[in-house]
Amino acid sequence: MQAALMAFFMLLFSLLSLLGIAANGFIVLVLGREWLRYGRLLPLDMILISLGASRXCLQLVGTVHNFYYSARKVEYSGGLGRQFFHLHWHFLNSATFWFCSWLSVLFCVKIANITHPTFLWLKWRFPGWVPWLLLGSVLISFIITLLFFWVNYPVYQELLIRKFSGNMTYKWNTRIETYYFPSLKLVIWSIPFSVFLVSIMLLINSLRRHTQRMQHNGHSLQDPSTQAHTRALKSLISFLFLYALSFLSLIIDATKFISMQNDFYWPWQIAVYLCISVHPFILIFSNLKLRSMFWQVLLLARGFWVA
C-alpha cells in the first residue's frame, strides 16, 4: 500500500478512535453524574454506563497498542508488553460483548410484544437481574483473562527470567495463537453473540409486525407513532449490523490472517473498532436523556467558541 494511502487510513482510525472515546466518555460522565446525584440508576442506565466504560477503555487500549506496535514492531513483538496488552484487551473485549448482549435482551423484554408465558416472566424478572448480570459478566471476563494468562504463562515466565531466546518466544506465541486461541476465542465470543442475536431478532421481528399492523389499520408513514417505530427499527438494524461486523472482524483477526505487516492492516482495524466508535452515537441520539444533554453541551461549546 502506498505511504499516502496508509497515512490516510491511520488518520481515519485515529479520528474514529477519538470520536469513540469521546462518545463513550460522554455517556459515562452523564450517567455517572446522575448516579452521584440520585444514588441509583435505572437498569438501562446501568448497562449503558458499564458499556460506555468498557468500550472507551477498549478503544484507548487498542489505539495505544496499534500505534506503539507500528512504531516499535521488533521490540514489541517479542516483549512482555505485548502479552500484558492482550490480557487487558481480552478482559475489556469480553466484558463489552456481554454488556452488548444484556442491552439487547433488556431492549427485547421492554419493547417486544410477545405473549408467551416464559417471555412475560422474563419481562418481569430481568430488570432486577441487571446488576448481578453485569457483575457476573465482569467475573466471567476476569476468568477468561486468567485462562489466557494460564495458556501464555510459559511465555511470561521465560520473558521475566530471560531464558527464552527471542526466536523461541516467537515460536511459542505463533503456536498457541495459530492452533489454540482462535478456537477458544470463537467459543468465548459465540455465547454472548448468540444471546444478542436471538434477542435482537425477536425484537426486530416484533417491531416489524407491529409497524405493519399500524399501517394496515390506516396509520400513515407520517404518523408520529409509526415514525417512532420506524426509527427504532433502523436503530436496531444498525446495532445488529455493527455488532455482527465486530464479531466477524474479531474472529478473522484471531486467526492472524491480517498481520501488522499486511497492507490492509489499518483498514482492517477500522472495521474491528467500528462498532465501539459508531454505536455510542446511535445510543446517544436514541436516548432522550443523553440526547438532550448532548445538545446542551454542543450549545455551550458553540457559545464558548463564538465568545
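Backbone N, Cα and C atoms are what each Cβ position is placed from, and that goes for glycine too.
Here Swiss-Prot flags ASN167 as N-linked glycosylation site, drawing on sequence analysis.
For the topological domain 'Extracellular' (1-7), same-chain residues at least 6 beyond its ends with a Cβ under 8 Å from one of its own Cβ atoms are 263-264, 266. Marked as topological domain 'Extracellular' by Swiss-Prot on the basis of sequence analysis: 1-7 (among others).
Annotated topological domain 'Cytoplasmic' per Swiss-Prot: 29-40 (among others), in sequence order, evidence recorded as sequence analysis. Each residue in the topological domain 'Cytoplasmic' (29-40) gets a DSSP state, and the totals come to 10 helix, 0 strand, 2 coil.
The topological domain 'Extracellular' annotation in Swiss-Prot covers 62-88 (among others).
Per-class residue totals from DSSP over the topological domain 'Cytoplasmic' (110-129), listed helix then strand then coil: 15 helix, 0 strand, 5 coil. Positions annotated as topological domain 'Cytoplasmic' by Swiss-Prot, on the basis of sequence analysis: 110-129 (among others).
According to Swiss-Prot, the topological domain 'Extracellular' annotation covers 151-183 (among others), on the basis of sequence analysis. As a whole-number mean, the pLDDT of the topological domain 'Extracellular' (151-183) in this prediction is 54.
Sequence annotations record features per position, and here Swiss-Prot assigns topological domain 'Cytoplasmic' to 205-234 (among others).
Per Swiss-Prot, the feature topological domain 'Extracellular' maps to 256-264 (among others).
Look at Swiss-Prot and you will find 286-307 (among others) tagged as topological domain 'Cytoplasmic'. Per DSSP, the topological domain 'Cytoplasmic' (286-307) is made up of 20 helix, 0 strand, 2 coil.
Annotated transmembrane segment per Swiss-Prot: 8-28 (among others), in sequence order.
For the transmembrane segment (41-61), same-chain residues at least 6 beyond its ends with a Cβ under 8 Å from one of its own Cβ atoms are 17, 20-21, 24-28, 31-32, 34-35, 85, 88-89, 92-93, 95-96, 99-100, 102-103, 106, 110, 126-128, 130-131, 134, 137, 273, 276-277, 280, 283, 287, 290. Here Swiss-Prot flags 41-61 (among others) as transmembrane segment.
Residues or ranges marked as transmembrane segment in Swiss-Prot: 89-109 (among others).
With a threshold of 8 Å between CB atoms, the same-chain residues lying at least 6 positions outside the transmembrane segment (130-150) that come near it are 43, 46-47, 50, 86-87, 90-92, 94-95, 98-99, 102, 106, 156, 181, 184, 188. Here Swiss-Prot flags 130-150 (among others) as transmembrane segment.
What Swiss-Prot records for 184-204 (among others) is transmembrane segment, and it gives sequence analysis as the kind of evidence.
Summarising the annotation, Swiss-Prot assigns transmembrane segment to 235-255 (among others).
Marked as transmembrane segment by Swiss-Prot on the basis of sequence analysis: 265-285 (among others). Residues 6, 9-10, 12-13, 16-17, 19-20, 23-24, 26-27, 48, 52, 55, 58-59, 62, 66, 96, 235, 238-239, 242-243, 245-246, 249-250, 253, 258-259, 291, 294 of the same chain sit 6 or more residues outside the transmembrane segment (265-285) yet have a Cβ under 8 Å from a Cβ within it.
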Residue list, the transmembrane segment (235-255) vs rest of chain: Cβ under 8 Å, 6 or more residues beyond ends.
93, 97, 100, 104, 107, 178, 181-182, 185-186, 189, 193, 196-197, 200-201, 203-204, 207, 268, 271-272, 274-276, 278-279, 282, 286
Do the transmembrane segment (89-109) and the transmembrane segment (184-204) come close, with at least three CB pairs under 8 A (pairs 6 or more apart in sequence)?
yes
Under 8 Å between C-beta atoms and at least six residues away from its ends: which parts of the chain pack against the topological domain 'Cytoplasmic' (29-40)?
48-49, 52, 289-290, 293
